[in-house]
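Participant: Below you will find the structure I want to go over with you.
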Amino acid sequence: MTLRFYDTASAEVRDFVPLEDGKASVYYCGATVQGMPHVGHVRSAIAFDQLTRWLEFRGLRVTVVRNVTDIDDKILAKSAQSFGPDWDAEPSARQTEEWWALAYRYEQEFENAYESLGVQRPTYEPRATGHIPEMHTLIQRLIDRGHAYPALDDSGDVYFDVRSWSKYGSLTRQNIDDMQGAPDADPRGKRDPRDFALWKGFKDGEPVTAKWESPWGAGRPGWHLECSAMVTKYLGPRFDIHGGGLDLRFPHHENEMAQSQAAGDEFANFWMHNGMVTYEGEKMSKSIGNTVSPAEMLELASPRVVRYYLGQAHYRSILDYRPTSLQEAAAAVERIDGFIHKASSKVGTGAPDVSPQANMPAAFIAAMDDDLNVPQALGVLHETVRAGNTALASGDLEGAKAALYSVLSMTEVLGLDSVKRPEAVQGREHAALEVLIEAQLEARAAARANKDWAASDAIRDTLAAAGVVVEDGADGATWSLKRD
């Protein structure tokens, strides 16, 4: 089956044919590092991590770029709040955080969140502040082509002229006259209120460290310009996929596409957007107190459970969070892990005789090829787990082995094997744990053989108190670790 993805620009699912044979180029918007990561950030990262993994599984060499917006009005505002009345004081007298330090601190928080949930590092992760010359070049190209102009009030701002580009609004299928004015700068100096800032002139009271010299005066780049300059530097003027959250379609992605194409770049062949996360059907909002952060989720469940939950819905659909969501995800992960452990103890986990592609069920491949239909793919995964358990119960070790290898292949491509999982038996520490538990089970088996039921029950109870669940079967006892 041909890979097919939904393209926001054409509003249809269409065949994905890489621009370069055997390769795929993907850019998705990273964070504006002004605060702690929220659940929407990590859901988006997991969605595009699933996309990357699937493209790689299908034999493509994937180049991924995820930017870091480390200079922005919101970052400066957050830093200014920390300065309070001491903004103009000598640095030694301030109990504050400079904007660049604040941005870097939150950037590390995002990196930690991504890593804890098994999101692969991108090929390139450029910071906006490291690409100012490329932004200047792009602005000049737009001015030269008649699509941008310095502000009429000598403020040092440079704006994109939306009416100069006839395709403006095409990504989100809007008419210019129906749009509201751009909120990113004072409307003075604009030809049209909808024109958006490419360059923001330095203003009195702003930190001098947050300005760069330019042909139009000292200042800093506009948010939309940053992404266009960075993506074309690393992926070129035309690339396969541009992604991000649904909330970025307008104005951010609309403006990105307009300024890039107006500058002469073909830009993205596909636009892919992931859905939002809601709380019991309502939009998450700090003001009404119905938000949940990745850190809070990780206090309630293991990283693998959180990744399973955030990645279980179709990437384009809304993911609704409820107080029981993580419990339900934990039960699903436990079913998978329980089978993997039981089957591994019977047939081993050595390298399979065939490739991961051969182990992957055809129905799973068809689901993932069809616009990353992860819910359908997970259905195949759980059906394989059920079939594997049935094979184990009937003593069909070859059937159990085939199911095990299929399950391992599916969890790998979904990224569920790469998440830190302290409950899994892996590594030297867990190997030692396994030896100790198996020794206890051998002692219990000996007690049962001698009909010493009290000793047998005592060993079982001791293991249970340590979080080890023992199950007796026709072929002996198996064990697994209890999940919270």
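From the backbone N, Cα and C atoms, a Cβ is placed for every residue, glycine too.
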Participant: Looking at 31-41, 196-206, 383-393, 394-404, which stretch does Swiss-Prot describe as motif ''HIGH' region'?
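Facilitator: Per Swiss-Prot, the stretch marked motif ''HIGH' region' is 31-41.
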Participant: Identify the motif ''KMSKS' region' range according to Swiss-Prot, selecting from 253-257, 283-287, 448-452.
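Facilitator: Residues 283-287 are the ones Swiss-Prot records as motif ''KMSKS' region'.
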Participant: Provide, as an integer number of angstrom, the distance between the C-alpha atoms of C227 (Zn(2+) binding site) and K286 (ATP binding site).
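Facilitator: The separation of the Cα atoms works out to 27 Å.
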Participant: When you tally the Cβ atoms that lie within 10 Å of each candidate's Cβ, which of the binding-site residues (C29, C227) has the highest tally?
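Facilitator: By the 10 Å Cβ neighbour count, C227 comes out on top.
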Participant: With Cβ-Cβ distances below 8 Å as the criterion, list the same-chain residues six or more beyond the ends of the motif ''HIGH' region' (31-41) that contact it, or say none.
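Facilitator: Apart from its flanks, the motif ''HIGH' region' (31-41) reaches 68-70, 72, 74-75, 77-78, 102-104, 106-107, 109-110, 113, 223, 245, 247, 276-277, 284, 291-295, 297, 310, 321.
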Participant: I need the CA-to-CA distance for C29 (Zn(2+) binding site) versus K286 (ATP binding site), whole Å please.
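Facilitator: About 23 Å separate the Cα atoms of these two residues.
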Participant: Looking only at the motif ''HIGH' region' (31-41), how are its residues distributed among DSSP helix, strand and coil?
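Facilitator: Residue counts in helix, strand and coil order: 3 helix, 1 strand, 7 coil.
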Participant: For the binding-site residues H252, K286, work out the Cβ neighbour count at 10 Å and name the residue with the minimum.
Facilitator: K286
Participant: When you measure from the Cβ of E256 (Zn(2+) binding site), how many other Cβ atoms are you left with inside 10 Å?
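Facilitator: Here the count is 26.
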Participant: Provide, as an integer number of angstrom, the distance between the C-alpha atoms of H252 (Zn(2+) binding site) and K286 (ATP binding site).
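Facilitator: H252 (Zn(2+) binding site) and K286 (ATP binding site) have their Cα atoms 23 Å apart.
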